[in-house]
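Annotated features, as they stand in TrEMBL:
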type     : residues                                                    : note
TRANSMEM : 36-55                                                       : transmembrane segment
BINDING  : LYS73, VAL74, LYS75, THR196, ASN303, PHE304, ARG305, LYS323 : ATP binding site
DISULFID : CYS126-CYS175                                               : disulfide bond
DISULFID : CYS136-CYS159                                               : disulfide bond
DISULFID : CYS142-CYS169                                               : disulfide bond
DISULFID : CYS227-CYS237                                               : disulfide bond
DISULFID : CYS271-CYS280                                               : disulfide bond
TRANSMEM : 346-371                                                     : transmembrane segment
Amino acid sequence: MTEAMGCKNCCSICLQCLFGYETNVMLVINNKGVGALFRLIQFLIIAYVAVYVCWIQRAYQDTDSVISSVSTKVKGNILTNTSIEGVHVWDVPEYVIPPQVSIFGEKSFLVLTNVIQTPGQTQSKCPEIPSLVTKCESDSDCIEGHTEVHGNGVQTGHCVQYSDTIKTCEVQAWCPLENDTIIPKPALLGAAEHFTVLIKNNIQYPKFSFRKRNLLHHINSTYLKNCTFDRKTDPHCPIFRLGHMVTEAGEDFSIMALKGGIIGIFIDWNCDLDFPERFCIPKYSFSRLDNKNPENNIAPGYNFRFAKYYKNNKSIETRTLIKAFGIRFDVIVFGMAGKFNIVPTIVNLGATLAFLSLVTAICDWVMLTCMKDRDQYAKRKFIHLNQNGDSVPLVSKS
């Protein structure tokens, strides 16, 4: 009998839980502490949504990443006078190296700033540059056909005189060999800081069918012939002086020109397309990209070698080897565009309402857990209404 009654009560409770309906009861509590907490949390949520979500993140917008193309044109001339070449005028085809441009891609260009020249090299035999592995005392120290990874040619097996006091292994190579231990100071092409470069940048945001270029509407041919980029007076001019860019990157051009380096030209196209098109303009900044850590200064700068080939008066193939130091400029374009869209707006509005609904739950927890009169609050908050219309508190007074 007892078991039957227990089973009946259990079934009754299950049916009550299954088919019972819960609805909110409006309970007004005149408690300054709970009221202040309620309004404070509401204010913080609304401020977060208004400032961070809407103003900073612009979460009500749909976004798209920039797609861009870049072309550059360097201008300038340098006059040099050296013991090797005498008076020489360097123009664009010489100090902007076309093979390097094709390797780097259209978004980079390299300008020579210093060179070490070894003229009159021919295929012949000569003493190797002295080092721990190339110095010798007799032919037995040299191996015919052997090549050193850091050497300049193939050993002939002979030990020959390099100077009055030093002997080295003879090599078959382009002779005379290059000696790159002495770098010209000041930089031979240090005047390159006065060169200018025109940067043409076309961008688009496909999702919004938006296209623009850094040659803005007010820029015409007359303006281009007379302007040079200046952050205060000409911030939209697409012609940049090389020395000015290096200075803005925090470097000294005369020092950087000695061994070369890499400078980044950053073009920022972050745009809010809810505003008119004229407000979408590029912002330029500059920074050095290669390592300049004084504690780890191995292989500093930027250099490469190339040669100029010709036939001498005896019709022998001859070349001038050039170890070139230069500054490579990498144009890096980035940006994000945003425009109002109803879908993210609804999503973020729903998230805001969900956050606000949590305020009541937090305040209820504080009221029923931390307040002195929590039992009274619980007695009036949780009420069961039976079929006879009688209300019974679910929480009994302790």
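In case you wondered, yes, glycine gets a Cβ from its N, Cα and C as well.
Positions of TrEMBL features highlighted on the structure.
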| residue | record | Cβ within 10 Å |
| --- | --- | --- |
| VAL74 | ATP binding site | 17 |
| LYS75 | ATP binding site | 12 |
| CYS126 | disulfide bond | 21 |
| CYS136 | disulfide bond | 22 |
| CYS142 | disulfide bond | 21 |
| CYS169 | disulfide bond | 26 |
| CYS227 | disulfide bond | 15 |
| CYS237 | disulfide bond | 20 |
| ASN303 | ATP binding site | 18 |
| PHE304 | ATP binding site | 17 |
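Distance between Cα atoms for CYS280 (disulfide bond) and PHE304 (ATP binding site): 40 Å, as a whole number. Nearest neighbour of CYS169 (disulfide bond) by Cα distance, taken over the binding-site residues LYS75, PHE304, LYS323: LYS323. The disulfide-bonded residues recorded for this entry are CYS126, CYS136, CYS142, CYS159, CYS237, and the Cα of CYS126 lies nearest to that of ASN303 (ATP binding site).
The closest partner of THR196 (ATP binding site) among the disulfide-bonded residues, by CA position, is CYS237; the full candidate set was CYS136, CYS159, CYS175, CYS237, CYS271. Counted over all residue pairs in LYS73, VAL74, LYS75, THR196, ASN303, PHE304, ARG305, LYS323, the record's binders of ATP, the longest Cα to Cα distance measures 24 angstrom. Counting every protein chain shown, the Cβ of CYS280 (disulfide bond) has 19 other Cβ atoms within 10 Å. Other Cβ atoms within 10 Å of the Cβ of THR196 (ATP binding site), summed over all protein chains shown, number 16. Neighbour list (CYS175 (disulfide bond), Cβ cut-off 8 Å, at least 6 residues apart, same chain): GLN121, THR122, GLN123, SER124, LYS125, CYS126.
In this structure, the C-alpha atom of VAL74 (ATP binding site) lies 49 angstrom from that of CYS159 (disulfide bond). When Cβ atoms from all protein chains are considered, those within 10 Å of CYS159 (disulfide bond) total 21, not counting its own. Taking the Cα atom of each, CYS142 (disulfide bond) and LYS73 (ATP binding site) are about 51 angstrom apart. The Cβ of CYS271 (disulfide bond) has TYR205, PHE210, PHE279, CYS280, GLY335, MET336, ALA337, GLY338 as same-chain neighbours under 8 Å, each 6 or more residues away in sequence. Long-range C-beta contacts of LYS73 (ATP binding site), restricted to its own chain and to partners at least six residues apart, with a cutoff below 8 Å, comprise VAL197, LEU198, LYS200.
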